[in-house]
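See below for the structure under consideration.
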Amino acid sequence: MRIPRSETMNSSFLKARGQQDVLSSPLERVPPASRPGKAPLGTPKTPVLEDFPQNDDEKERMQRRRSRVFDLQFSTDSIHLASPNRNIDVSTTISKFTNTQITEHYSTCIKLSSENKITTKNAFGLHLIDFMSEILKQKDAEPTNFKVAAGTLDASTKIYAVRVDAVHADVYRVLGGLGKDTPPQGEESHSGDGSTLETERTKKPAKPKKKQSCKTIEQNLSNINVSEADGKCAVDPMFQKTAASFDECSTTGVFLSTLHCQDYRSELLFPSDMQTLSSGEPLELPDLGFVDMTDLEASLQQCVEDRPLCPSLAGFQFTKWDSETHNESVSALVDKFKKNDQVFDINAEAEDDEEDVPDGPLVEDFVDNDEPDLSAAGDHEEFRSWKELCQVQSNQEEVISLEDRDIQVMCSFLSMKPGEYSYFSPRTMKMWAGPDHWRFRPRPKQDATSCTEHKKKSAKKDFEINFDDDIDFDAYFQKTKAATILTKSTLENQNWKATTLPTDFHYETDNLIQLHLKPGKRSLKMDQDQKAKTEHYEEIEDYDYNNPNDTSNYCPGLQAADSDYEEADDLFADPVGTLDLESDPKTTQENGHISPENQGVDITTYQELNLVAEPQKVNKIEIHYAKTAKKMDMKKLKQSMWSLLTKFSRKEADTEANHTESGQEGAPEEVADEKKLSGLTKDLQTRLPPLMAQNLSIPLAFACLLHLANEKNLKLEGTEDLSDVLVMQGD
């Protein structure tokens, strides 16, 4: 027998004694006084080891667990709510509770009952049933409160019901464990020398399980087959709408003209899948890397070595400079310029202009009028004004000082390769579009006095308010003719769309120069310096208008007789240049006289050159076709045709139709003799209503006859010349 330790024994003894004074353990079914070997509490004598029973470790563990659970559950409640105890001594417990503690315990029970928090864990710690007599004693002095009594009975009933459920569950838990076989435990035997012998466990061999044969053929087909609703995938509604509106007779595909691709993958997407702006991150483009230029290094070095840095100073020597050689080079350069045809002679006289120049300064030298002014067609000065030379005296020239302009700005207008008279870049001067766009206009003559009056600026008067004057307020507050409120159109225009900027989608501008199918390559942007280097307009020669391509393919642009274009005869006067209108055969015929040179000559001949005339316009021919679909009641058409085939009257045909609609089938009818389709069509014109008779055609009648042949077992045969169809009853 194992001897227990003294510390364990003493602790277990003290703990057992301390708990027994307050509340007994729920597993103790025997009263405390019936325990053998227990010393009374009042004994001053020190307990002897022989007086105590054997120590039970399992019981101590259970007591420690219950005390820990009790502390966790009732930490906020009164200290007198003890651990669950089903065999509690009511007389000893009630005597130790004061009236205040009983009142607190009563309020706690009522609160838990109202909140429905009475469970199996705290049901045995609530002593409302045990304190019922004490509560009634306290309430005897007061009149009976039925509301308090009802709440007390309700809480007591809940506590008792939960206790019964807990006992019932424990009993079934114990009964469930009775039928189970406990595993065999190894028995320990102590030998005389203290060695322990353990018996080996005998393991029974596991029996092989028999495989049960089951049917693999499913009898219910609904468990195997998938329903049609589950088999159909989700169809895009836009796809259904587009497919429904597809015309099978059209030459274009159903989706090729409407679907679009979004990115470089060229994947066709439906409109519902399209994204206006991509919300994802941009694709990372692969690095193009660097190009190896080591092979070109040797050839580039050879080009640099052979060329001088400054060709104009190639022969100049700092230490061996000679004035004679310098003068010779300068004289040679001067002779070169003198031999040039375009040498500017300062002492030369100015050439006189044959045309008259209007006196006085010019007003509105440039008028921003893009359209030609045809109202003053008779004024010769209007059409030769663009050829006039602007002669401005030296004293009227406006001199721009360098202080007002930056040298860097002025250099941007200069040409990269200036000539003797072309210092500015033609690209900059392209803003002048010529005489058709900008035209010089003569300035009207003004008197000297009027010029001086315009120069004088009117002095600006200071704003003053005189508070002494009498103000007529009626003039300011009288009802005016002008509207004082905003009109409806003004309010509609001044809406939030007119004053609010569009939504900024933060679109990447780099996508504009990015190729669609090859996003790795981009369009190069040329700087202004590179553009200026590539623009060598000075090296381009004048265009030769007399080249064979233009002279052979020239089209005079002949005008038709009903043309709206009319030109005044005085527009082509002598000052600008005489134009022979009689050279155009079309114009000579309109004027009423034909020159003998043009008689008998084709109108396409113009100055002994065979030219292609303007093609003739084809008259617009309107083709009549059916622009709207024909509507036909096929059911009524079939009834009328069947009545004609069976020689029924119209009234009998209607009665038969009513019988068939109500579900009563009449006697089957047959075709008596042969009928022709052409005759049936003519008879149908009189039987049908006017609108249906107008829409009736041979194809519709033949389609109706085919339906009847299928339903009524008719036989159709064609004539020998295939001009008509014979209808007869089938076998």
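From the backbone N, Cα and C atoms, a Cβ is placed for every residue, glycine too.
Note that the structure is predicted; figures quoted are calculated from it, not measured.
According to Swiss-Prot:
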type	residues	note
COMPBIAS	204-213	compositional bias 'Basic residues'
CROSSLNK	K481	SUMO2 cross-link
MOD_RES	S12	phosphoserine
MOD_RES	S25	phosphoserine
MOD_RES	T43	phosphothreonine
MOD_RES	T46	phosphothreonine
MOD_RES	S67	phosphoserine
MOD_RES	S75	phosphoserine
MOD_RES	S78	phosphoserine
MOD_RES	S83	phosphoserine
MOD_RES	S91	phosphoserine
MOD_RES	T182	phosphothreonine
MOD_RES	S195	phosphoserine
MOD_RES	S227	phosphoserine
MOD_RES	S425	phosphoserine
MOD_RES	S489	phosphoserine
MOD_RES	T587	phosphothreonine
MOD_RES	K627	N6-acetyllysine
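Annotated features taken from Swiss-Prot, shown on the structure.
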residue: S67; record: phosphoserine; CB count, 10 Å: 15
residue: S227; record: phosphoserine; CB count, 10 Å: 8
residue: K481; record: SUMO2 cross-link; CB count, 10 Å: 4
residue: S489; record: phosphoserine; CB count, 10 Å: 8
residue: K627; record: N6-acetyllysine; CB count, 10 Å: 5
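For S227 (phosphoserine) paired with K627 (N6-acetyllysine), the C-alpha to C-alpha distance reads 45 Å.
A straight line from the CA of S67 (phosphoserine) to the CA of S489 (phosphoserine) spans 87 Å.
Annotated pair S489 (phosphoserine) and K627 (N6-acetyllysine), C-alpha to C-alpha distance, rounded: 41 Å.
Secondary structure from DSSP puts K627 (N6-acetyllysine) in coil. Between the alpha carbons (Cα) of the residue listed as 'SUMO2 cross-link' and the residue listed as 'N6-acetyllysine' lies a span of roughly 56 Å.
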